[in-house]
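Shown next, in structure tokens, is the structure this report addresses.
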Amino acid sequence: MSQTSLKKERDPSILILDFGSQYSELIARRIRETNVFSLVVSNCISIEEINDINPKGIILSGGPNSVYEKNAPKCDEKIFNLGIPILGICYGMQLMVKELGGSVTSATKKAEYGRAPINIDQESELLSDVEDKSIMWMSHGDSINCLPDGFNKIAHTENTLHAAISNDRKKLFGVQFHPEVIHSEFGITVIKNFVYGISSCVADWTTETYIEETIPRIRDQVGNKKVLLALSGGVDSSTLAFLLNKAIGNQLTCMFIDQGFMRKGEPEFLMNFFDKKFHIKVEYINARERFISKLKGITDPEQKRKIIGEEFIRVFEEESNRLGPFQYLAQGTLYPDVIESAGTNIDPKTGERIAVKIKSHHNVGGLPKDLQFKLVEPLRKLFKDEVRKLGAALGLPDEIIKRHPFPGPGLAIRILGEVNNEKLDCLRDADWIVRDEIKKAGLYNDIWQAFAVLLPVKTVGVMGDKRTYAWPIVLRCVSSEDGMTADWSKIPFPILERISNRIVNEVVSVNRVVYDITSKPPGTIEWE
């Protein structure tokens, strides 16, 4: 089927031009939370491309540069004459001011970082229902010195004269603060005012409409060809399996490679769930001994990751040739993966990477270029929280939708040092106890990750009046919104006590449990 015959994908209602901000992705997420579809695109997008998309509104993101610097990122200045509402955030506001004849200078002496109360100077549609003196999040070292003609100052702070500006006639607006950040008290109100009140968007980005639009596109793309999916049991690949099964049925084959590093009972649960309960075709590949033999004598974590990734490739290639031929490879690529791998080199029309290549999935580790698959990536425009909602709508249980993140190399990188079957059995039992007690306490859904780590040392203990010399287990529990930063979870002592007592009494070769109270940064969530 030719590419031109495929069903057209929906265009974003709001375009976000990325100038290098750490918050560009967050802006898109906040807008989607209001049920409006948005995409992050390059700041170099052409006027022709914008007109082709015909968005209802445009947001210019923040960025680390100063607009008065040589080679500072810009956009086509004709964008301000399209008649499309525009909101500039931080750098985006300063760029708009400079391009339209105003001036921006360094605010070294009055730089503003963190929380700051804003003072509203005059009524504006942008700041409707925003309380005066409310707290907004500032992060800037430059400030506006002079506004362009037609603009008004609508808010200020103690150190920033132009905290918000507007040109109502041209529907051009700017804020020096970051409304997308959770610390901004009325930030979501500002976003809704721009998206709904100013840009007249419609709340039509829902899980139901996504399913209705995506299934026909999958059928158009695939036709009657066969599709292969590497199933890990995580929320991404599981949701994708359900979506593809709904779209193309038995044209889908899932391959589950059991490398021996999964948590207790997971392989059995996944096979029973997908194959027996929902009758989704899953090929189970038992490669446990193959993987464990490759790690003999290996202690370096990066070597372990590399070996596991390379062996996965070999197994995947062998089994796909045996089971195939397959014309399509399905991947659980998400929108953050697209943004990260492409930077701002994203096709503004499709939201895809401009130079498409097979992505290094967390379980695949980079597939061979000569596999000659065409890609099916129906989740590539979704964020993680949207995938969870999609999974729920498709019938996935909470056991999968709300499961904690789990690294591709699995328990192999939660065993520090060399990996062997004895250590794997020990860690599986300890890890199961951790999660079991966290669930019994009703804390599982409040914690980002809770797991056990096995250290490559032994400690002295006393059990039954006898000296012991056994492994210590580290308990790692963290709270986070996205995994980028994390704080150690303040689990009540009685729960920690139960976990410790059970591990030292029920797990062979363990005589000590310690609790990791390190945040990220400076530490990472995983130990390896």
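For all residues, glycine too, the Cβ spot is worked out from N, Cα and C.
The active site, nucleophile annotation in Swiss-Prot covers Cys90. There are 24 other CB atoms within 10 A of the CB of Cys90 (active site, nucleophile), with all protein chains counted.
Annotation for His178 (active site): spatial neighbours Tyr23, Gly62, Ile89, Cys90, Met136, Trp137, Met138, Ser139, Ser184, Gly187, criterion Cβ-Cβ under 8 Å with sequence separation of six or more. Per Swiss-Prot, the feature active site maps to His178 (among others); the stated evidence is sequence analysis.
The active site annotation in Swiss-Prot covers Glu180 (among others). DSSP assigns Glu180 (active site) to coil, not to a helix or a strand.
In the three-state DSSP reading, Gly234 (ATP binding site) counts as coil. Sequence annotations record features per position, and here Swiss-Prot assigns ATP binding site to Ser232, Gly233, Gly234, Val235, Asp236, Ser237, Ser238 based on sequence analysis.
Annotation comment: Swiss-Prot describes 13-204 as domain 'Glutamine amidotransferase type-1', evidence class sequence analysis.
The domain 'GMPS ATP-PPase' annotation in Swiss-Prot covers 205-403. In the predicted model, the domain 'GMPS ATP-PPase' (205-403) has a mean pLDDT of 83.
Other than Ser232, Gly233, Gly234, Val235, Asp236, Ser237, Ser238, the residues of this chain whose Cβ falls within 8 Å of the Cβ centroid of the ATP site are, in sequence order, Leu231, Thr239, Leu240, Gly332, Ile400. Comparing Gly233 (ATP binding site) with Glu180 (active site), their Cα atoms are 32 Å apart once rounded.
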